[in-house]
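Taken from Swiss-Prot, the feature ATP binding site covers R148, T153, G154, P304, Q307, H308. As annotated by Swiss-Prot, Mg(2+) binding site applies to G208, D214. The N-acetylalanine annotation in Swiss-Prot covers A2, and the record cites similarity to another entry as its basis. Swiss-Prot lists 1-22 with the feature region 'Disordered'.
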Amino acid sequence: MAEGERQPPPDSSEETPPTTQNFIIPKKEIHTVPDMGKWKRSQAYADYIGFILTLNEGVKGKKLTFDYKVSEAIEKLVALLDTLDRWIDETPPVDQPSRFGNKAYRTWYAKLDQEAENLVATVVPTHLAAAVPEVAVYLKEAVGNSTRIDYGTGHEAAFAAFLCCLCKIGVLRVDDQVAIVFKVFDRYLEVMRKLQKTYRMEPAGSQGVWGLDDFQFLPFIWGSSQLIDHPHLEPRHFVDEKAVSENHKDYMFLQCILFITEMKTGPFAEHSNQLWNISAVPSWSKVNQGLIRMYKAECLEKFPVIQHFKFGSLLPIHPVTSG
C-alpha cells in the first residue's frame, strides 16, 4: 500500500457537520459497468477506502483483548447489535423443504426494516436527528438480502459505510478507532455469523473455493494488521488447528479461520484454496498489503458488488473535491 494512497480519517475535519447540511435518502447510482468510473472517482470511494485504511492502521499490532477506550456511542452501537441478535432468538427458522435460505429470515428482516430508524436514533444525538433516515439506509443494507436470503461482501461494505457515516456526522470520533473494529465490528460479525447459521443464508456472489471467504473480507484485512510484527505467529500458523484454537480470542483473522473450519468439511486446502495460498506468504505485512489490493480488485471494483451501493450526502457520488 503506497503511502500516497492513504486518506485522512473521514472524521478529521467533519466532527460537527454544518447544521445547514441537507441529508438525503441514499440511492443507487451505479447502473451499468461504465458507471464504475464514476464510483472510483467519487468522494464516496475516497472516504470509504480512507476509512478502511485508517482503521487498518489503528488496529496494527493490537490484540482484541487489548485495553482500549469505549465511548458511550460505541456502547450504544453494541446495544443496537444486541437487539438484532435478540430478534434472531425470537424468530426461529421455519420447517421448509429447501435446506438453504430459511424464510424466517424475511420475518427477521421485516422487523429491522420497520425499526431501523428507531434503532439508529438511539445512537445519534437529537441535534443530529435529521441524519437518521440517511444513515439508517446503510444499516438496512448491511444484513443481507431478504429476497434472495443471501449475504456477501457488499452487505459487509454497507456496514462499514454505516460506521463511516457515523464518523462523518461526529457520532464516532478519532479516538474510537480501535473500538470501532474490536467492539462494534466484532459484534457485527458475531450477529452475521448467527444469521448465516440460523437461516442457512446463501453466499452472495461467491467465487466458491477460489474466493477468500463465502461471506466476509474486512476482518481478514484488519485481522492481518493485528498480527503484523507478532513475535511468533506467522501466516503459516493459521492453517494449524492448535495455533488457531489457542489464539483466536485475541485475533480477528483466526476467528474467521475457526468459523470456516466449523462450517466446512474436508481438507482446508480444498475448501479454502485462496486462504491456503495466503498461508505461504512470508509476513503479515505482506498479507495485509495483498489483501487490501485484493479487496479493491475483487470487491470495490466489481460491478456485481457495487451496483447495490447507495450514495447520499455523506457518501456522495460526485467526484473527489481536493483540499
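Any Cβ shown, glycine's included, is placed from N, Cα and C.
All chains included, 22 other C-beta atoms sit within 10 angstroms of the C-beta of G154 (ATP binding site). For the recorded ATP site, residues R148, T153, G154, P304, Q307, H308 set the reference point as the centre of their Cβ atoms, and the other residues of that chain within 8 Å of it by Cβ are G152, H155, A204, G205, V305, I306. According to DSSP, D214 (Mg(2+) binding site) sits in a coil region rather than a helix or strand. For the pair formed by Q307 (ATP binding site) and D214 (Mg(2+) binding site), distance between Cα atoms is given as 19 Å, rounded to the nearest Å. For H308 (ATP binding site), other Cβ atoms within 10 Å of its Cβ number 16. In this structure the alpha carbons, written CA, of H308 (ATP binding site) and D214 (Mg(2+) binding site) are 18 Å apart. Taking Cβ-Cβ distances under 8 Å and a sequence separation of 6 or more, the neighbours of P304 (ATP binding site) in its chain are G205. Each of the binding-site residues T153, Q307 was scored by other CB atoms within 10 A of its CB, and the lowest score goes to Q307. Among the binding-site residues listed (R148, T153, G154), T153 has its Cα nearest to the Cα of D214 (Mg(2+) binding site). In this entry, R148, T153, G154, P304, Q307, H308 make up the residues listed for ATP, with the farthest two CA atoms of the set 16 Å from each other. In sequence order, G101, E202, A204 are the residues near R148 (ATP binding site), counting only same-chain partners six or more apart with C-beta under 8 A. The number of other CB atoms found within 10 A of the CB of D214 (Mg(2+) binding site), across every protein chain shown, is 24. T153 (ATP binding site) carries a helical DSSP state (H, G or I). According to DSSP, Q307 (ATP binding site) sits in a coil region rather than a helix or strand.
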